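For reference, the structure discussed in these notes is given below.
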Amino acid sequence: MSGAERRPVIAVTSGEPAGIGPDICLALVGDDWPVRVVVLGDRGLIESRARQLGRSTEGLDIIHVPLRAPCTPGRLAPANAPYVLDILDRALAGCQSNEFAAMVTAPVHKGVINDAGIPFTGHTEYLAEKTGTPRVVMMLAGGGLRVALATTHLALKDVPAAITREELATTLRIVDADLRVKFGIPRPRILVAGLNPHAGEGGHLGREEIDTIAPVIEALRAEGLDLVGPLPADTLFTRRVLEGSHAQVAMYHDQGLAVLKYVAFADGVNITLGLPVLRTSVDHGTALDLAGTGKADPGSLFAAVGMAAEIVARG
Ligand SMILES: NC(=O)c1ccc[n+]([C@@H]2O[C@H](COP(=O)([O-])OP(=O)(O)OC[C@H]3O[C@@H](n4cnc5c(N)ncnc54)[C@H](O)[C@@H]3O)[C@@H](O)[C@H]2O)c1
Ligand SMILES: N[C@H](C(=O)O)[C@H](O)COP(=O)(O)O
């Protein structure tokens with residue numbers, strides 16, 4: 001067996017075929033990773049995208065997963081939604097059987113999967129369901145931040161009801177535990193945002209801080225977690241407040257991710273905490289406008305492979 005074959009294998013799912021997933025996977029060719037990187041997707045599609053971009057697939061390990069329908073860059077086809085899920089299922093099965101040490105996901109298009117009649121909210125929720133994990137946490141890291149979310153892909157009107165004491169406590173415990181295990185931080189200091197403007201202004205602008213968030217923080221502090229909050233979200237991400245913190249928990253998707261993507265778009269990493277397999281991902285979407293143009297930045301995919309490799313090396 002050669003040295004290269006002894007390296008842990010990381011599976012990179014190429015994602016929505018009409019998006020930039022196949023393009024950015026081509027940028028992995030020839031990079032000198034401490035792991036073996038294999039790309040999961042339709043070989044013909046990846047080769048044709050390579051020709052279109054004037055690139056080569058030589059040296060790129062591909063596990064062939066066949067397209068269900070022809071693909072044109074930039075044009076979504078619901079007929080290929082099952083293909084996108086075939087790739088994810090193949091990667092997950094490989095992680096569960098220890099064929100792969102981790103999976104790294106290129107972007108999928110949630111809308112077209114739903115248009116195909118398959119309910120799908122995101123990789124995070126899909127992988128949680130497929131692995132029978134009742135609660136996982138989405139965290140995006142980049143630009144010196146680690147932003148974890150108390151709620152993920154749901155309509156804004158449904159956010160307050162989804163933030164219960166039990167759900168929030170589970171989220172904070174998962175963030176604390178995974179920062180220790182996956183990131184080697186012995187006692188993570190975690191900032192927790194409020195939900196309402198000015199963290200509710202003492203109950204005058206909403207009661208979620210008083211009724212839910214503060215009591216959870218207090219209870220978990222008593223268990224030894226190093227939590228600070230509920231903090232007004234508008235100033236949580238200022239330099240002085242962030243100082244000394246290892247992660248920041250936002251109450252909903254855009255409260256945290258708008259900040260993260262402002263400082264780190266295209267080199268941030270999305271990681272699913274609390275999952276029994278290791279999964280990292282890019283911080284951007286399918287960018288249909290850029291597919292096949294050569295303008296897609298592969299930086300976030302590199303960062304996602306790099307983070308997975310580091311966590312694998314940590315054991
Ligand atoms: N990890 C994932 O699977 C993932 C992440 C985010 C969004 N999405 C999905 O992607 C689809 C499109 O989402 P969107 O339009 O909100 O966001 P998007 O990230 O696809 O695009 C937003 C803007 O950023 C640009 N952009 C994105 N990635 C880029 C890159 N690597 N290099 C250069 N420019 C880049 C796009 O051209 C566009 O102008 C949606 O279905 C969304 O749910 C998937
Ligand atoms: N919320 C993520 C983002 O904005 O980058 C994105 O939609 C991906 O989510 P999944 O990892 O669950 O697909």
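Placement of Cβ uses the backbone N, Cα and C atoms for every residue, glycine included.
Please treat TrEMBL annotations as automatic predictions, because they have not gone through curation.
Taken straight from TrEMBL:
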BINDING   H123, T124, K261, N270, R279  substrate binding site
BINDING   H153, H198, H253  divalent metal cation binding site
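For ligand 2, the binding-site residues lying close by, meaning a CB under 6 A from one of its atoms, are T124, N270; the full candidate list was T124, K261, N270.
Looking only at the binding-site residues H123, R279, the densest Cβ neighbourhood within 10 Å occurs at R279.
Taking Cβ-Cβ distances under 8 Å and a sequence gap of 6 or more within the same chain, the neighbours of T124 (substrate binding site) are V136, M138, T152, H153, T272. Taken residue by residue with DSSP, H253 (divalent metal cation binding site) is part of a helix. Every protein chain considered, the tally of other Cβ atoms within 10 Å of the Cβ of H198 (divalent metal cation binding site) stands at 15. Taking the C-alpha positions, the distance from R279 (substrate binding site) to H253 (divalent metal cation binding site) comes to 19 Å. Put simply, H253 (divalent metal cation binding site) is 15 Å from H123 (substrate binding site) when counted between their Cα atoms. In the three-state DSSP scheme, H153 (divalent metal cation binding site) falls into the coil class.
In the structure as shown, the Cβ atom of K261 (substrate binding site) sits within 10 Å of 18 other Cβ atoms.
Cβ-based crowding with a 10 Å cutoff singles out H253 as the top-ranked of the binding-site residues H153, H253. According to its DSSP assignment, H123 (substrate binding site) is helical. Between the C-alpha atoms of H198 (divalent metal cation binding site) and K261 (substrate binding site), the distance comes to 22 Å. For N270 (substrate binding site), the same-chain residues that are 6 or more apart in sequence and have a Cβ closer than 8 Å to its Cβ are M138, M139, L140, T280, S281, V282, D283, A304.
Spanning the listed substrate site, residues H123, T124, K261, N270, R279 have a farthest Cα to Cα distance of 19 Å. Reported as a whole number, the C-alpha separation between K261 (substrate binding site) and H253 (divalent metal cation binding site) equals 11 Å.
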